[in-house]
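Under the heading domain 'Amino acid transporter transmembrane', TrEMBL lists 83-486. Annotated transmembrane segment per TrEMBL: 45-73, 85-107, 113-138, 163-186, 206-222, 234-256, 276-294, 314-335, 360-380, 408-428, 434-456, 463-487, in sequence order.
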Amino acid sequence: MEEASSAYHDNSVNIQRTPEHGQRKTVDGGILLVIEAKGNVTWEILLVCYLPIGVCIHQMAAFAPSYVLVFALSCPLRYILTRSWLHAGYHLTGATAGPALLSLPYAFALVGWVPGVLALLLGAGISFYSYYILITIVEHFESQGKRFVCFRSLADHIMGKRWSLFFIAPLQFVICYVTVIAAVLVGGVCMKEIYMLYNPDGPLKLYQFISLFGVMTAVLAQTPSFHSLRHVNFLSILLCLGYSLCATCGSIIGGLSADASAKVYTVKGDLIHKTFGVFGSLAIIATSFGNPIIVEIQGTVSRPARRKMIKGLLLCYSVVVLTFLSVSVSGYWAFGNAAQSNIFDNMASKNGTLVVPRRLLVMAYAFVFLQLIAVSVVYLQPAFDVLETHVADVNKGRYSIRNLAPRVVGRTFFVGSASFFAAMLPFFGDINALMGALGYTPLVFVFPIIFSIIVYRPSKMGFTYWFHVLLIVCFSILTVLGSLAAVGQLSLDAHKYRLFADNIMSM
């Protein structure tokens, strides 16, 4: 691990040889940042930094590792690079394998066995391929002396400032923010479910648990950097495996129970509901595999980053395939087309009695609740980086009152606003389906493929080009139709909505 500390200077770029050479050159450069690492600086550390508009420092690979480079930068953050692929794997898994997988049996119920399994496997394969392309593109630019540490800066360089500024960056920001709202909402629901298991007639309401969850998230949100979350994300992996095991075992227990209902696997509803259901199912699967912060995670990895990221991605998808398949197949097998948008809802009660042991449900809800705190903080990091770039004083230390106070206030306000919307909109399931179709699908399945065509310019006579075009067309159509279907579902469910309701409304 390499740790970088910063001090700011003006109007020059200093290229210094290490002491044994004793030479120094100065170049014009604007607002500057000196990067130091245990008394020595390597260009690997320097490449992690970026300008706010996403323009990276060029031609840095031409400098020998013995140089110290002081370069233009306005981001007042402290960067820490890891040499471990395991840390990359923790971040990738923590951002991908989350409680959204508990909706996969419901996604199967909307389309049936064969389409459900096929869509899940295709989602796994194509999302892995898309992330692999994104990692490779970042490495391609890094070999040219340009390192990008955020998705918006990569999009800015490839597609131009207008696309990045007015579409891609806002979309990523909204997706991360909506994910935090969903995490706070479901975290509050988990706390309430545990409370109701022991005190069914208790007076506490859902919004109170959401508020409490928001307070805990706001405390952990003060974590100074993405790299600081590596141990939190490792714990997140263990928690994901834990509640996935609980969901699988609970489904098997419920499916084999003498009181189990007859299993029906036909798709419910008329043609309109089935049509909406198909796109809703695909949106759930896209959201489950969605990870809009791949580039940000790669930005925490020291060079060479590609191999470490690929190994981390393999670790991530080992966990993803294991948990996604076990939960979706066992849940749909046990409950058929009666599967709920949260599979634990099928286990909670039946005719006033629990379908599974109470301790299993309490443990499962506790695992989900704890992981959601980690998920919230991970998805808050890109927003924090953007906001703090504009409010920090580069002439003051990171922990000075001038920089610490606005950071604490800003992060707390950001989490507080997400908690407020979570409490106000407990029917967030339908909104989440819309964001899955409109947000995760293009960010995960469309834009990385477009980037690949622009950067590598494959021959139009080759298989790769037309395969990529096919993916872009199919997922663009899915984005449009899925968004329309989600809006239609919103209109169908509008009469059920109530602000600050005491129960979450399923999709």
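A Cβ is built for glycine as well, from the same backbone N, Cα and C atoms used for every other residue.
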Are there three or more C-beta pairs under 8 angstroms joining the transmembrane segment (360-380) and the transmembrane segment (206-222), sequence spacing 6 or more?
yes
Under 8 Å, at least 3 Cβ pairs, sequence separation 6 or more: does that hold for the transmembrane segment (276-294) versus the transmembrane segment (463-487)?
yes
In terms of Cβ proximity under 8 Å, which residues at least six beyond the ends of the transmembrane segment (113-138) contact it?
104, 107, 147-148, 154, 158, 265, 278, 281-282, 285-286, 288-291, 294-295, 298, 305-306, 309-310, 313, 317, 320-321, 324-325, 328-329, 332, 444-445, 448-449, 451-452, 455, 471
Is the transmembrane segment (163-186) close to the transmembrane segment (360-380), in the sense of at least 3 CB pairs under 8 angstroms with a sequence gap of 6 or more?
yes
Considering only Cβ pairs under 8 Å, which range in 85-107, 163-186, 234-256, 434-456 makes the most contacts with the transmembrane segment (408-428)?
163-186
Distant-in-sequence neighbours of the transmembrane segment (163-186), which means Cβ under 8 A and at least six residues beyond its ends:
54, 98-99, 151-153, 155-156, 210, 213-214, 217, 290, 292-293, 342, 368, 372, 375-376, 379-380, 382-383, 386, 415, 418-419, 421-423, 425-426, 428, 431-432, 435, 439-440, 442-443, 447, 504
